[in-house]
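Peer 1: Input: one structure, supplied below.
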Amino acid sequence: MTAEGGDAGRTAGRTAGRTADAENPPVRRLSAWDADGLVALAEEYGTPLYVMDRDRVRQNCARLREAFPDAEVRYAVKAHTGRAVLEAVRESGLAAECASAGEVERALAAGYEGAEIQYTAVNPPARDLDHVVDRWRDHPELTVTVGAADTVDRLRERGFDGRLCIRANPGVGAGHHEKVRTGANAKFGVPYDEVADLAESVAGEFELVGLHAHAGSGISGEDLSNHRELVERMGNLAREVESRVGPLEFVDVGGGFGVPYREEEPPLDLESVADATREALGDVSGTLAVEPGRYVVADAGVLLARVNTVKQAADATVVGVDAGMTTLLRPAMYDAYHEIRNISSDDNDEAISATVAGPICESADVLCENRSLANPRRGAYLAVGNAGAYGYEMASTYNSRPRPAEVALDGGKARLVRRRETLTDLTELEQ
Ligand SMILES: *Cc1c(COP(=O)(O)O)cnc(C)c1O
């Protein structure tokens, strides 16, 4: 992955970005999806069903590359590791940021080269390090990012002396929920004040290529000051490290670019984020790197569910559907808001106040509460928006619910890319 260099690349990118706006809007709302097309998919493949539009994934990648023409853009694959998505992202020119041996494996299987893969070890199990070091022998350009001096020792024990990056704990967190802020959480990264010493001590033995930090997820317009502060701190750190050990290849300031989950929320102004990032980083030898996950896939995916049971309660109509917290965990885990639309409704259906609940025996198993929805009747299909990021990835089989199927769209044409799990699959591992 080479970064397009300098001001010329940047200007060209800007111009292209502006002219492409009409075909590549900054956000794709749930209301923009074709309801009849989604109903047809639900009928053909059954529900719950994830639908991933690979064309939208490509558009999101293109907008990122236009906003950051002189940076390396790395897709944080944990947002959606499906093969069809990874291939589309790779073909769109984004590198891969992997958080586990499994993600490294999936990136390689999707055609990524070692040079395009960064493995960021978070408290890595021995099995993960064994595996990644093993893969590194065949792919010596792979980069390993460590978040503790201890992990350096564990890599050394395994004979690793390749491309190393140090993750700093910048002491600045950002994000839409406490559970997604990582920047000031001691679990992540080497304490800021110890990074330069560690860098100096490992530089002779490993190929020290970069510094890394990640503030958290869901950076919005309001949270940009946190992002700016993190980048500034990383710029200062990079200058310190570069003065002591020589030029770095990159300074990776993480991901966390937010998407508007609510219909009325404005999209993130990517150009402003890019400008603020470059300005805050200041003068460093290393190339800027960013690691968006959610931004690449969130609005490329919807979840389709079917209404099973409608029940009139005192203060709301409880609409029971066949998707729940095991299909899409975000509402239960983060109190996350997802737009929901009745795609079976015609214009005559009046809006009611609905609580959409899943089939799991947990009170947290609701997709929304007291939401205005066009009257959903039994058998109607609902679409849940912005489900492409951390949707299928966080699905589980709790309550012995098989995980959903997934289709990918290319030019509007659907193909099944992940079959629905079966009841037999659920017991497959038992001996
Ligand atoms: C999760 C993660 C990201 C991506 O976060 P998004 O909010 O999906 O953009 C980037 N870098 C690291 C290290 C992460 O853990």
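Heads up, the Cβ atoms here are built off N, Cα and C, so glycines get one too.
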Peer 1: To which of G246, G256, G358 does TrEMBL also attribute binding of pyridoxal 5'-phosphate at the site defined by E291, P292, G293, R294, Y390?
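Peer 2: Candidate listed by TrEMBL for the same site: G256.
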Peer 1: Region 'Disordered' per TrEMBL: which of the ranges 1-27, 136-162 is that?
Peer 2: 1-27
Peer 1: Over all pairs in G256, E291, P292, G293, R294, Y390, the listed pyridoxal 5'-phosphate binding residues, work out the largest Cα-Cα distance in Å.
Peer 2: 15
Peer 1: Write down the Cα-Cα distance for R330 (substrate binding site) and Y390 (pyridoxal 5'-phosphate binding site), rounded and given in Å.
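Peer 2: Here the two Cα atoms lie 8 Å apart.
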Peer 1: Using CB atoms and a 10 A radius, I'd like the single residue among the binding-site residues Y334, Y390 with the highest neighbour count.
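Peer 2: Counting every other Cβ within 10 Å of each candidate, the maximum falls on Y390.
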Peer 1: Give the subset of the binding-site residues G293, R330, Y390 lying near ligand 1, defined as CB under 6 A from any of its atoms.
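Peer 2: Near ligand 1, sequence order: G293.
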